[in-house]
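Below: one structure, written as structure tokens.
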């Protein structure tokens, strides 16, 4: 080992180009997306991670295995070096800055990810694989940073891997007990659901069962896109760079504005987790909307438990379409773009949660209109 | 408490041995993917001359992944010895000035040994081993507490003591005094009042208060450096008394300071004042950042984003988190009975911060100056009570208050 060496090796030139890139101040253009991957043990989560790490995609991707948490203070990272190193996979330790987390704005995990990005010459994406975590919401809260922080990392999406063979059983577990099984939270908070092991369910391609499963998933969260897979062989472009938490990202708005699509869950037991959509054509007073939303998210008015919320708002005295996004108690309303001339200006808000009441939401939202 | 490790455009690496601009780096550090700071050299000669001490960095990196440290740093006896440099957030000391690409003119100096606390003083749970036990896992990290009348009364007392201790520190500030001497005054005054200086051994912080000079944003560690005419210095006091904490800080002038520094300090004072003016039940915590940001940018300065105001009471730091920058997503509204701090840090240059090798001291990324003011506040039914407010006896050190 080198500590025995008497003679120093030859010092190497600091590559100006590399030096410049590592000292580049982070900004929106180059911030690295972080995808949270969640799912039951055995769903194929690790297979997905291995697939992403090992396929020849030329991208430099780091996977953090969220195994230890703050108490131990380190996490293990596997990094695919991409083209630069022939796709070799390197293992590293990421140290969490322990200490006074309470007067710093960024959680120690975020700081650790930023340091990882700074150390690497170029990272295209980061995956955070949750191990043993029931509810991805706390991670989403930590990772959904204020734009003002100009962080070198940003939350890209939450992906839940579900096991097609066992999903029904996992969901029905909760109906027999008083607490929610993890499957509900994991699906409710997902932007993408990978329906894995489809080959084990319908080997002859009789799609009926799979359609049923997809319906169950959409009953809980009708905003999630579902990708069927065998052994998690998924196309990388489909799951990376979703920009699901970017207020102005166009694709999500189009989804919401699509008039024909009904987003409310139809059949359900009221106590279940489901999706609900409210619509209102008249313009709204933004201050009233904030108060209305805060009463629901912060005060738990009406006894509803909202997990996720996404919407578009038609705001009084503004030609801007505003987007609304919420994860548990954290929310953001931001002007996104001008309404197009041909667009039907409309308020449309989707709620995913528990104990949701459509009438109450519609009636209370109506009090925010200005006419 | 690292709030961000970003490097400003204008900073370049300096030779770890002689400080000249560095063009070469240690190949072993590259291989081990260690930080370039401390591994850059101007010539092979400087690298060769540093080799015997530098290579310890490789060993340390290997050992730290196994959970142990190098012998010359992890000696707990050293922590009690006088006049060493602080490393690893206070868990280690070293004889030599650590390597770093310093952003401004300020450098760390050696720190003195640990000060004793007499046995009759009530201790917080980190006093003995440096590790808070109740605080990290408490529900109060997620829910904002409404204080009982008894808690409020105790906080009034703790904050009053904090104010008197800070005033005592302010009175000794002049050129030639070391920040270590200020810490001595703070420590003794706190003990004399029957309180414990909360920062002492909080996550291993080695001293009883934070002293932040010039480009230091916050959490500066008192050391052997003498204050110089023209410096600005922030002294941050926290007192634990009758089971509750009080927290406050002020930035002072040392001798004659330049116009820009005077403007910076006054702007920071005013931004805190304006923020306090909006505190009352029903106001969103998020709004504090808007007020501070507005006043600061109007004056041409920037707001530090990595550190925030915080709830306080029986815990030193708890919910709510109150960012000082605008357009933040802070959750919640103020209610009567809540106690929290507002503590804006304002920079003359860029807002970004960096962390010194000691693991505590936050400095501006561009080396320009930073100022801060802090109060502990109680939301009342109609407004706010400033628990750490100035007393008639407080020293007259802010010229604009006389205007």
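Cβ coordinates are placed from backbone N, Cα and C, and glycine is handled just like the others.
A TrEMBL annotation is a machine prediction, not a hand-curated record.
Annotated features in TrEMBL:
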- B:219, B:317: protein binding site (BINDING)
- B:236, B:247, B:374: Zn(2+) 3 binding site (BINDING)
- B:247, B:310, B:343, B:374: Zn(2+) 4 binding site (BINDING)
- B:12-65: domain 'C6H2-type' (DOMAIN)
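Listed in sequence order, the residues of the same chain lying 6 or more apart from residue B:317 (protein binding site) and placing their CB within less than 8 Å of its CB are B:135, B:310, B:311. Summary: among the binding-site residues (B:236, B:343), the fewest other C-beta atoms within 10 A of the C-beta are counted at B:236. Under 8 angstroms separates no C-beta among the binding-site residues B:236, B:247, B:374 from a C-beta of chain A. Confidence across the domain 'C6H2-type' (B:12-65), taken as the mean pLDDT and rounded to a whole number, stands at 74. The record gives B:236, B:247, B:374 for Zn(2+) 3. Within 8 Å of the mean position of their Cβ atoms, the other Cβ atoms in that chain belong to B:210, B:237, B:238, B:248, B:249, B:341, B:343, B:376. Looking only at the binding-site residues B:236, B:247, B:343, B:374, the one with its C-alpha closest to residue B:219 (protein binding site) is B:236.
Comparing residue B:247 (Zn(2+) 3 binding site) with residue B:343 (Zn(2+) 4 binding site), their Cα atoms are 10 Å apart once rounded. Each residue contributes its Cα atom, and for residue B:374 (Zn(2+) 3 binding site) and residue B:343 (Zn(2+) 4 binding site) those atoms are 4 Å apart. It is 10 Å from the Cα atom of residue B:236 (Zn(2+) 3 binding site) to that of residue B:343 (Zn(2+) 4 binding site). Candidate binding-site residues: B:247, B:374. Fewest other C-beta atoms within 10 angstroms, B:374.
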